[in-house]
Amino acid sequence: MQRQWSVQAPGEPEAEPGGEELCEQEMKRLCLSQQPVRVLPYAMMDKRFIRQLREPEGVKTSCWQQWRRRRQTAGRRLGEAARRLTRGCGLWEGALYEIGGLFGTGIQSYFTFLRFLLLLNLLTLLLTSSFVLLPLVWLRPPDPGPALNFTLQCPGSGHLPQTGVSKFNNLLWNVFTGRAFNNTYLFYGAYRAGPESSSTYSIRLAYLLSPLACLLLCFCGILRRMVKGLPQKMFLGQDYRSPLSAKVFSSWDFCIRGQEAATIKRHEISNEFKMELEEGRHLLLLQQQTRAQRACHLLTYLRVNVLIGLLVVGAISAIFWATKYSQDNKEESLFLLLQYLPPGVIALVNFLGPLLFVFLVQLENYPPNTEVNLTLIWCVVLKLASLGMFSFSLGQTVLCIGRNKTSCESYGYNACDYQCWENSVGEELYKLSIFNFLLTVAFAFLVSLPRRMLVERFSGRFWVWLDREEFLVPKNVLDIVEGQTVTWMGLFYCPLLPLLNSIFIFLTFYIKKYTLLRNSRASPRRFRASSSIFFFQLVLLLGLLLAAVPLGYVVSSIRSSWDCGLFANYSAPWQVVPELVALWLPAPSQRILYYLGSHAFSFPLLILLSLVLTVCISQSQASSRAIRRLRKQLVWSRCPSCRHPAGQRTRPQGRGVLQASSGSPATDWSGGTGSPTHCRF
């Protein structure tokens, strides 16, 4: 923040108490700081003065300091060049610029979100390939060998049905259901490894920790973008509004030369003004509301949200019964329909739900940002509840959660109906991912495109009312979050599912771009990207937690299949960790690890984390108080009545603000013999 410094005249009143001390503390801080001079918020002449303070005449800099300074300068320039190259060669930079200029930053944030998810999937695929696939190919896993000889007492049959045999000879149908890839590395059952004592690299441990590491890295990336995308008003206060004059006089980019770029920039500035005016209008309406109007608005809010809650409960109930019916009734005549019954019901619920939510939320007359975020919250509840109910219903059928069966009591899962239950769960998630992408393609080219062609060809009151499809950001964001959540849920059962999801996201970007530019119309209610990016990341974080909880339960508590996969001889996949610890680590290291996992270490760690959290909260509160004080001082500096009298002298010409306050570099920290100074923010 720019500081104003002035020299006190002889006939003027004394400076405020503490003003001179503040100047001295600032100069001392600048002199002792290790921050580079080039990043300081001062004029060039003041930066030269600060450099002289740090390096007085007659004092020679050591060779080590000179070499370190040159190295820092070279590294900084190299980093800036790399960032410029990255921005120039970035994925979809031109398309994002065009979308942001024509439709505003709110719709642009959706396509930026797609690019972020693509990077997350590529990172996940890189980790899985590096630590699991490449070592597995290099070590050449052993042959599966003969099947284990065990007999199940299943009601109605004396042997285990071969559910893995395809009921359809159609190869295309097997591709859509995933059964064509049962013996490939796409699914869990194809991974094999020898005993742990015969290898120096544990494929089992890598297969177990890779999904957990991917989820942890995705969590860190989402959290970083969430903190980076916090709305500015959280720091500046709810009553803060950027001056409209700044946008009027400083929005245009005078480096623009082409007509197309000028048109895009003009649309972008127009969208900014529309958002400012829309927010100002809603703020004025809220200030003019009476108590009766506020009470009526509260009743409308409660009525609409209760209705939406009932719709969500009915939707997840339909998903539960559809999944249960699909798994319990596999008749030959209805097999084709039952294979895609749960994904179809989930898609129908997720298609109708957001449309009803948008219609009901618009009845409350919220500001654009609040309307988008509230609709997004209810869509999040619907999407995540749908996936959660699908997972629970699938677990109840396959893993016998809450059910009593003979095979469940003996083997920990429904071994009579699912010989390799990990592959069965992976197939369900694979079908759900495939179905979501096919639905996106079908809706773009079989619904949006014909609708646009009919509206353009025919004229009439009905076609004017129908118009083009409105591009709904909450609905599109939730669709892609649902696909990403399904991918995270399948990391253990279908390790190469991130590869498919990366392809789907890449194609979805171009499909949605075509739909937006050709077949859709932008929403007339504009909203800001800064207030929606945070909620996008929050939704993605909730999806990550929804995927991590069932995965942690399966890895730690559920019995693996008897005759497929890496953990066939383990009571649970996590049991490989204690075995490897006992096999590879010496006794002292084992005792240290056991102590780190005990309650004797957990309680001190919890206390330490509580202290660290308390310190962070205290620092955050102190920073908030400092921001409020600086804002008040900024208002005072802009107030004409708060300025100094007209007889007060300003700093001499040709000298920086710091030089005007302190004189020469040789001036001591007590202020020297010159006239006293006055610092004011």
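Glycine residues also receive a Cβ, built from the backbone N, Cα and C atoms like all the rest.
Annotated features, as they stand in TrEMBL:
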type	residues	note
DOMAIN	420-530	domain 'TMC'
REGION	643-681	region 'Disordered'
TRANSMEM	116-138	transmembrane segment
TRANSMEM	205-223	transmembrane segment
TRANSMEM	301-321	transmembrane segment
TRANSMEM	341-361	transmembrane segment
TRANSMEM	429-449	transmembrane segment
TRANSMEM	490-511	transmembrane segment
TRANSMEM	531-555	transmembrane segment
TRANSMEM	592-618	transmembrane segment
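Averaged over the domain 'TMC' (420-530), the predicted model has a pLDDT of 86. The stretch from 301-321, 341-361, 429-449, 490-511 with the most CB pairs below 8 A to the transmembrane segment (116-138) is 490-511. Secondary structure of the domain 'TMC' (420-530) per DSSP, as helix, strand and coil residue counts: 84 helix, 4 strand, 23 coil.
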